[in-house]
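A.B. asks: What TrEMBL lists as transmembrane segment is 124-153, 174-193, 261-281, 302-322, 334-360, 381-403, 423-446, 492-513, 525-547.
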Amino acid sequence: MLLPGPDTRVIELRVPGVLGATPESVTGSASAVDVAGDGLGRVVRPADRMDRPVAGPSLSLGGRPISRVVEGYVWGAMTSGGVAKATWALLFPFTLANVAHWMLPPVPPGSRVARGLGTVLRALLRLAALGLTMLFIGQFAVVSLDLIAAQCLSPALECAGGLTPTWLRDSPTLRMISGLLPVLLAIGVLFRVSGVDWELSVPQPAADPPGHAMSSLPGAGVAADPDTPALRGLHTTAALATVAWLLLGGPLGPLRADLTALWSTTLLILGLCALGVLLLDDPNGSHPDRAGRWLRAALAPAPRRMLVLAALALLGASAAFAPELSGPLAASDATVQGIAVGLGLCCVLFGLLLIPAALLARSTWRKLPRGLRPWAGGWMAAPVLGLAGLLGGGFGSGIAITFEQVLTPVRLVLPDGYRWVTLVWGTAAGVALTALVLCAPVLVLLGRLRKRRGTFVPPEVALLHKDRPQDEARAARAWRQAEWQRRHAHQVLICFAGLLGVGAAASVTGQALGVPLPTGLAPLSGAGVVALALLGGGLLYLVWLAARHPERAKQVGVLADLAAFWPREAHPTVPPCYAMKVVPELVARAEEHLKAPGNRVVLVGHSQGSLLAAVAVSRLLETCSAHDRERIGLVTAGSQLQWAYPRAFPAVVPHSSLAKLHGELGGRWRSLCRGTDPLGGAVTTWARQVYDGRMLGVGFRADGSTGPLPAAKVGPHGALVLGGDHWLPDPMRGPFPLRRWAPGVLGHVEYQPDPEWDRAVSIAAGLEKP
C-alpha cells in the first residue's frame, strides 16, 4: 500500500445509474458546473455561489485532512427522456433480441462442438432479428395499407368520410400512395436510427489487432461489431421486400399470373437477405478470415445503396401492378402469420440448440455455488428471444386492435390470426392475474407465521439494528421483499414467456388443423383484446407523455436504457450503446488525473454506473503502469455485479472476471450494499450466515484468492464490513453532524449520505485498511 504524502489528493469520479441523475445529485451539492465533456457526457464538479468549481469535502486519515476532489460523469442525456428516446419503447422487441446475443453461454476453450454451436446460435439470433423487423413492418403495413388505405378510405365505408376529401377516397392510386407513405416513413426511420452512434469527446481508443487474445476482465468483449452497417442494409432491404410481398400475395403465391415475376423476385431478395444475416458472423472483427470479411466487402456503402434502391424499385413496381385497394387485402393474414410462424420456428430451434451449448458451458461454472451460477443453467437467452418475438407480435396486434376498436366508427376486418393472438394474450393475462390473486394471501400468511415463530426478522437485520426495534421491524419487511425480487424475478420472466409460448404453439397448431376458435373462450379473447389494446395504446401514451412532460419521461423505458448498454450485434435497430462512449471517456478522465503523481483516482459507480465503472477500471488496469495501478480504486453502491450481470451475461461478465478484477485491485474494491435494496446487492461475498452473533461468509480476498473470510467487523457508523462488502443499516443511524440526513427505508437510493461512503472511498484510495 502506498503511503500518503503531503501532496496526496483523492479524485472521486462518480458514475450514476440511469434514473434521475442531475449534476447536483451526483456531486451531492447545491450547485454544480461542467468542467469537461460535450453535453452528452458531462464531467461536473460542485460549484460556489459564483459558479466556480470547488473541491469536495476532505477525507480524514487519523485526524489529518486529505484533499478530495469530487467529480461526476453525468450521462443521462444518452438514455431516458424526450420523444425520440421514448419512441425506443416501440422497438423494445428489437432490443430484447439484441440482448439475447450477449446472454449466450461462454464457449469452453478447446471445445470444437461448443464453438460450432455458438456460431449456429449467433446465426439463428440474427435470423430471428430479421424476422422481427419483417414482422414489425408487416404489421405496420396491415394497419396503413389494409385497415386505413384499403378499408377505412374505401368509398363503400363511412370510416373517415368527414376527415378525408372525396378525390382521395375515389382514387385507388392515391389511396395506395397514402397507404405506402407511412410504411416508407417507418422504414426510413428504422434505417436512420440504426445508424445513430454517440461521438467520443476524447481520442478513439486503438483497436485490438486481429486475433488479439481477449482479456479476462469484466466487459472485455463489449466492442462495436464491424458488421452492423451491412446488417442495417439487409434489414432495410428485407423490410421493403416484405411490403412488396404482402401486396403481391405473400405465402399464398402471386395473386395474378402476371405478378409471378415480381413475386419470385421479391422472394429471392428475402432469401438473399436471410442468407446474408446467417453468414455475417465476425463478432468484433476479431477473426477477419471469416465469411463476414468478404460479405462486408460485398455490402460496402455503394452496393448497399444499390440493393436498397433495387428493393425500393421493386416495391414501386409491386404497388403499381398489384390489385386495386378495394377491400381487405387478400394476403394480410397469410403474410403476417407466415412471418410469425417462421420467427417462432427459428426461436424453437434456437432454444433446442441452446440446451447442448449450455450443458457444454457448465464446466466454466460447475464449481460455483448455486446462487452464483447463470440463470436457467445458461439457457436464459431462449426465453428472452421468445419474449421478444411474442412482444413483437403483441405490439403490432395491439396497435391494430386499438385502431380498429377505438379510433374508427365502423367495424373493420382484421386478419384472422389476430383473433388467436387475442386468445393467447387473454389466457396469459388471466393466468397471471389468477396467480397474483392466489399468491398474495399465501405470502401474507407466511409472513404472519414467521412473525409468530420469531423468524420474520433476518439475522443480518438483527445485527445491523441491534437495540433499535422500530428500525428493525421496518427493515425486516423491506429486506425480505428485496431478497425475494432478486431471487425470483428471472423465474417470473421465464414463467411468463413460457406461458405465452405454450399459448402461441397451441394457437399455431389450432390454425394449422383448421380448428375454429371455440365460442366458450370468447371471454378470454375479449380479455386479450383489452390487454393488447392497453399494450398498444400504452406504448403510444408513453411517447405522448415524453413529448408533453420530458422530466416525467425519464422513467419511461428504464429496461430499454439498461439494455442499451450492449452494442449492436443481432439487430441493428437498437439504441446506440452508451458504454462505447462512457467507458473511453471515463478512462481518459482518470488517465488525465493520474498524470499528477500525488493523485489517487477512485471510480464510484451506483447501480448501472457500477458496471460502467468496473469496465472502465478494467481498461485502466490494462493500460496503466504498475505504479499507477496502485493509485486506482473502485467503489460500487447498489450494484448488480453479483446477482444479475454474471448470471444473465455469463460470457461477458463472468464471475471469474470479477474475481480477477478484485485481485488486481488488491482489496481496493469496496462495495456498499443494503439488504433492503431490490436492485442492488453484495458483490464480493456470498454464502453469508450469522453464527454466534457474527456474520460469516465466503468471498474474494485481498490477495486475489477466494475462500472463507474473517467475521464481519462493525464499522464506526454501524455498518458490517465482510470482505469487500459494507452492509449499511437501513434506515440509517444518525443524524450525523455536518452530513445530509435521509430518513426512512432508502432501498436503492441515497447511498451518499451514509458516512460509510467516505470510509469506503478512503479504503479504495489506499488511505486506510478496512
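Including glycine, each Cβ sits where the backbone N, Cα and C put it.
Give me the lay of the land around each of these features.
C.D. replies: With a threshold of 8 Å between CB atoms, the same-chain residues lying at least 6 positions outside the transmembrane segment (174-193) that come near it are 91, 133, 137, 140-141, 144-145, 148-150, 153-154, 167-168, 232, 235-236, 239-240, 243, 308, 315, 319, 322, 324-325, 573.
Long-range contacts of the transmembrane segment (261-281) within the same chain: residues 119, 122-123, 126-127, 129-130, 134, 227, 230-231, 234-235, 237-238, 241-242, 244-245, 248-249, 253-254, 290-292, 295-296, 299, 310-311, 314, 317-318, 321, each at least 6 residues beyond the stretch ends and with a Cβ under 8 Å from a Cβ of the stretch.
Beyond its flanks by at least six residues, the transmembrane segment (381-403) meets 90, 92-94, 96-97, 99-101, 103-105, 121, 125, 128, 131-132, 135-136, 138-140, 142-143, 147-148, 336, 340, 343-344, 347, 350-351, 354, 414, 418, 421-422, 425, 493-494, 496-498, 500-501, 504, 529, 531-537, 539-540 of its own chain at Cβ-Cβ distances under 8 Å.
Listed as Cβ neighbours of the transmembrane segment (492-513) (distance under 8 Å, sequence separation of 6 or more from its ends, same chain) are residues 337, 341, 344, 376, 380, 383-384, 386-387, 390, 393, 416-417, 420-421, 423-425, 427-428, 431-432.
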A.B. asks: Report, as numbers and ranges, every residue of the chain located at least six residues beyond the transmembrane segment (302-322) whose Cβ falls under 8 Å of a Cβ in that stretch; write 'none' if there are none.
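C.D. replies: The answer is 176-177, 180, 191, 229-230, 233, 236-237, 240-241, 243-244, 247-248, 255, 258-259, 262, 265-266, 269.
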A.B. asks: Restricting to the same chain and to residues at least six past its boundaries, which positions have a Cβ under 8 Å from a Cβ of the transmembrane segment (124-153)?
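C.D. replies: Those are 91, 93-94, 97-98, 100-101, 104, 159-160, 164, 168-169, 175-176, 178-180, 182-183, 186-187, 190, 231, 234-235, 238-239, 242-243, 246-247, 270, 273-274, 277-278, 280-281, 325-329, 332, 335-336, 339-340, 342-343, 346-347, 349-350, 353, 381, 385, 388-389, 392-393, 395-397, 399-400, 403-404, 408, 412-415, 570-571, 573, in sequence order.
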